[in-house]
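This report refers to the structure that appears directly beneath it.
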Amino acid sequence: MYVVESKGGAIVCMLLALLFLGTWPALITLLERRGRLPQHTYLDYTITNLLAAVIIALTFGQIGDSTVERPNFFTQLSQDNWSSVLFAMAGGVVLSLGNLSTQYAWAFVGLSVVEVISSSMTVVIGTTLNYFLDGKINKAEILFPGVGCFLVAVCLASAVHSSNAADYKAKLSSWPIDNETGKGTVLPSASEEAVLKDRENGGGPIRKAKAGTATFLIELEKRRSIKVFGKSMFIGLTLTFFAGVCFSLFSPAFNLATNDQWHTLKQGVPKLVVYTAFFYFSVSCFVIALVLNISFLYHPALGVSKSSFKDYLKDWNGRGWAFLAGFLCGFGNGLQFMGGQAAGYAAADAVQALPLVSTFWGVVLFGEYRRSSRRTYILLFSMLFMFIAAVGILMASSGHRK
C-alpha cells in the first residue's frame, strides 16, 4: 500500500485535488446550460466517480506488501472493521446529498457564489471538527486565522450575489413582468429579441449575443434545463446552505473512519486505510445518487422536465463531459483524503478554496460577471483575495501525523 508520508507530498495532493474539485462543477454547469437534464448528467457522473475510487483502491491500495498495521485493500475487505466502514459510508451519503443539491443551486445563484458559500461553511464547521479529531496536530495559531479568512469570504460572497442580482435586474428591466404571477421576466418573442440584439449592437447587424447582456441571459434561459426566471433566489440559497452543512460533515466522518478516534474497532483490528475507506465512501455515494436520480427521472424537482430510464440510456449528448466530471471529482476527493491522512484533515480542507478555480471557469466559460457594475467587480476581487489568503494559511498550518 502506498502512503503519502511527507508534508511536501501532502501539499502536492492538496493542490491537485484543488484543481480537480474546482473543475468538475464547471463541466456539470456547462451541460445544464446546454439543456441536458441534470438527472441524466448526475447518473453519468456518479458512475465514473465510483470507478475512480475503484481504480485508486486497486492501484495505490495494492502497491507493496501488506502488513498488520497497513494492510492492502483486498486484505482489509475481509476484516471485522464495520464500525469504521459505517463512518466512511455516512460520509459518502452526506457528500452525495451535498453534490446533488449544488447541481440545482448552481443554476439559481451561479457557480462562483454557490462554491464560496458551501466551501466556507465546510471550512468553518468541518475544519474545526477535524482539528479536534486529529489531536490538534495542526498549528492553531495559523489554522484559525485561515478559518477567519473564509468567514470574511462568505460575507463578501453574499455581497457579490446581492450586487450581481441587482445588475441582472437592471439588465432585464426592459422586459415586462408576468401579469399572471406578478414576478419574473417574460421571455421575448423572436422579433423582440431581434430588436434587443440590434439595440445592444449599436444598431448594426445582428450578431450572437454578448456575454452579460440581456439577450445573453434570455437566450441562456431558453436553452438551459433548469429554468430560473420567475423563481425565488431563496430556493438556490436554501440548497446552497444545505449543501454546505453536508460538505462540512463528510470529511470528519472520513477522519473517524480512518483514525478511529472514538475507539469503536475491536482490539487488534487495524484501522481502515485511506483507500479502503474511500472505496466504501464512494459506494454509498453511488447508491444514494443512483436511487435519488432514478426517482427524479420520473418525479423531477424544481420544474425540470420529466424523463425515463430508457431516455437516459439514449441520451449521449454530453455524456463524455459528465463522465469526465465524475473522474475529476473522484480523483480529487481521493487526493484530498491521501493528503489529509499525512498532514491532517484540517489542513487538507484547504482544497475548499476550490471556488478560485470554479470562479475562473465561471468567468471564462459562462461569462459570469461580464458587464457587471464596478461595485460587483470590487466585491468579487475582494472575495477572491480572501480565498487566496485562506488557502495559503490553511496549508501553512499543516502538521504531521505520527
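Each Cβ is built from the backbone N, Cα and C atoms, and glycine gets one as well.
Nobody curates TrEMBL annotations by hand; they come from automatic prediction.
Here is what TrEMBL says about this protein:
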type: TRANSMEM; residues: 6-30; note: transmembrane segment
type: TRANSMEM; residues: 42-61; note: transmembrane segment
type: TRANSMEM; residues: 81-98; note: transmembrane segment
type: TRANSMEM; residues: 105-130; note: transmembrane segment
type: TRANSMEM; residues: 142-161; note: transmembrane segment
type: TRANSMEM; residues: 232-254; note: transmembrane segment
type: TRANSMEM; residues: 274-299; note: transmembrane segment
type: TRANSMEM; residues: 320-339; note: transmembrane segment
type: TRANSMEM; residues: 345-366; note: transmembrane segment
type: TRANSMEM; residues: 378-397; note: transmembrane segment
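Contact between the transmembrane segment (232-254) and the transmembrane segment (105-130) is present: at least three CB pairs lie under 8 Å, with pairs separated by 6 or more positions in sequence. The highest tally of CB pairs under 8 A with the transmembrane segment (320-339), across 6-30, 142-161, 378-397, is held by 6-30. Nonlocal intrachain contacts for the transmembrane segment (42-61), taken as residues 6+ away from its ends with a CB within less than 8 angstroms of a stretch CB, comprise 1-2, 24, 28, 72-73, 96, 99-100, 103, 273, 275-276, 278-279, 281-283, 285-286, 289-290, 293-294, 312, 319, 322-327, 329-331, 334, 338. Counting only same-chain residues 6+ beyond the ends of the transmembrane segment (105-130), those with a CB under 8 A from a CB of the stretch are 22, 25-26, 28-29, 32, 98, 143, 146-147, 150-151, 153-154, 156-158, 160-161, 164, 224, 226, 228, 231, 233, 235-237, 239-241, 243-245, 247-252, 255, 340, 344-346, 349, 352-355, 358-359, 361-362, 366, 368-369, 380, 383, 387, 390, 394.
Pairs of Cβ atoms less than 8 Å apart link the transmembrane segment (81-98) most often to 274-299, out of 6-30, 142-161, 274-299, 378-397.
A Cβ distance under 8 Å defines the sequence-distant neighbours of the transmembrane segment (378-397), meaning residues of its chain 6+ beyond its ends; these are 11, 14, 18, 112, 116, 123, 127, 138-140, 142-143, 145-147, 149-150, 152-153, 156-157, 159-160, 163, 344, 346-347, 349-350, 353, 355-356, 359, 369, 372.
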